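Notes to accompany the following structure.
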Amino acid sequence: MYVVVDVFLEWRLMYDDFGGSVEGDMTVPNQQRGQKQGSEPEFNTLDEPIRDTVLRDLRAVGVKFFHVLYPKEKKSLLKEWDLWGPLVLCTFMAMILQGSTDTADNSNDGGPEFAEVFVIVWIGSMIVTLNSKLLGGNISFFQSVCVLGYCLLPTTIALIVCRAILLMEQSLFLFIVRFVVTMVGFAWATFASMVFLGDSQPAGRKALAVYPMFLFYFVISWLVISHS
């Protein structure tokens, strides 16, 4: 009996200390986390129209293409990497290069050449990236693939120019023009990739990282110049 009375008296004292009120705030803390009072909720891309999402992605790809042609800002392709640009360039080059050689039975359907370009571009870029990682490069796998794919833009432009030259009557002079255009695209693609990926390699191993890039763009440029 005395124990019950003592417990009741302690509860009474606690009730008086709180001013006789047991009301409280029932708001959930998770709902207020990350959101300041009076501020709007964070923007969610799921709430915007599809058209705005597509246009924003296209603008981002266009900005990356510009930085490849004018490689001054080194981290532009590394901050927000994507594979849309490499996919577009690879598909375009495969479509242009397909059917460049006729089979023995003259039944060229373009399949092997299309697949060949895809294998060279994607597997080649993965091998170059793996080599960069093994040398101690401080860059992620997909960032490196993104840079190597976007830097195909000069080679793609050279392919378009060479394709237009092929529409003319062929001569030694036009072949020299095609060769020069292809080499310019090759040199620009190699230079741009070195600008973006050069700082990610250890100081004493940059040459070992650049050499596979050289071979990668050289093989693709050879496909461009040998296309007839």
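Quick reminder: no glycine exception, Cβ is built from N, Cα and C everywhere.
If you check TrEMBL, you get these features:
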REGION    26-45  region 'Disordered'
COMPBIAS  28-38  compositional bias 'Polar residues'
DOMAIN    77-223  domain 'Yip1'
TRANSMEM  147-166  transmembrane segment
TRANSMEM  172-196  transmembrane segment
TRANSMEM  208-225  transmembrane segment
Handout entry: Secondary structure composition of the domain 'Yip1' (77-223) [DSSP: H/G/I, E/B, coil]
Key = 115 helix, 0 strand, 32 coil
Handout entry: Mean predicted confidence [pLDDT] for the domain 'Yip1' (77-223)
Key = 83
